[in-house]
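Here the structure comes first, spelled out in structure tokens, and everything after it is commentary.
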Amino acid sequence: MQVDLLSSAQSAHTLHLFHQHSPLVHCMTNDVVQTFTANTLLALGASPAMVIETEEASQFAAIASALLINVDTLTQPRAQAMRAAVEQAKSSQTPWTLDPVAVGALDYRRHFCHELLSFKPAAIRGNASEIMALAGIANGGRGVDTTDAAANAIPAAQTLARETGAIVVVTGVMDYVTDGRRTVGIHGGDPLMAKVVGTGCALSAVVAACCALPGDMLENVASACHWMKQAGERAVARSEGPGSFVPHFLDALWQLTQEVQA
């Protein structure tokens, strides 16, 4: 199984495109991470919007550059709004990304996520346990936490990508991004990133934004992983723990965008 590495030049090129296009991202995400997700997108130059009312969610999905569906704090009313948004996104050809949080541990969200797959997401982002569960290979994970190594989920990710047509992202110590044929690996980051709520959810929002960019979607999505890992490394070098990590992380994302414009 061949895994290619993303080049720094491609990552920088995609970040330049990101800043040029400033995608409007409709984030239907969980209650815990909304502020951090919005700030992450803003730091990179995107425009976030959190619209959750069913009628408005459908309407906004038609005008957004991209849509994110994150099922962490899923409720029946929220599922109804998400379903309406995804239906409209498909009709409007708005690329949408699925973050199937804890899909291997809980039945309701597993059934809901499988239902949404019929609406053809542009991308799916999860940890190893989530991707394996969504692919039907295993039911696992400890809530939102993975119990599997990212590399172990590559075959499941490739299968899921081929079956759905989505770019599939498996995050971990090393991230893997695949379209079912090509697989790209992204190294970097720091274990401290896992001690801050929302880094994975925010990545899903950046992945969604990258699906709206022109060019090679696989490389664009892989670039999103690279930026987050780069910013994480820089933030850890400047912080003393999780509390001071977040502002340094947002600053690091901003600095990355300034560097590609210099």
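Cβ atoms here come from the backbone N, Cα and C positions, even for glycine.
Source: prediction; values computed, not measured.
Among the features that Swiss-Prot reports, substrate binding site is placed at Met50, Gly198. For Met50 (substrate binding site), the same-chain residues 6+ apart in sequence whose C-beta sits under 8 angstroms from its C-beta are Cys27, Met28, Thr29, Gln34, Ala38.
DSSP classifies Arg125 (ATP binding site) as strand under the three-state reduction. If you draw a 10 Å sphere around the CB of Arg125 (ATP binding site), it holds 33 other CB atoms from the protein chains shown. Residues or ranges marked as ATP binding site in Swiss-Prot: Arg125, Thr171.
When the neighbouring Cβ atoms lying within 10 Å are counted for each of the binding-site residues (Thr171, Gly198), the highest count belongs to Thr171. For Arg125 (ATP binding site) paired with Gly198 (substrate binding site), the C-alpha to C-alpha distance reads 13 Å. In this structure, the CA atom of Thr171 (ATP binding site) is 13 Å away from the CA atom of Gly198 (substrate binding site).
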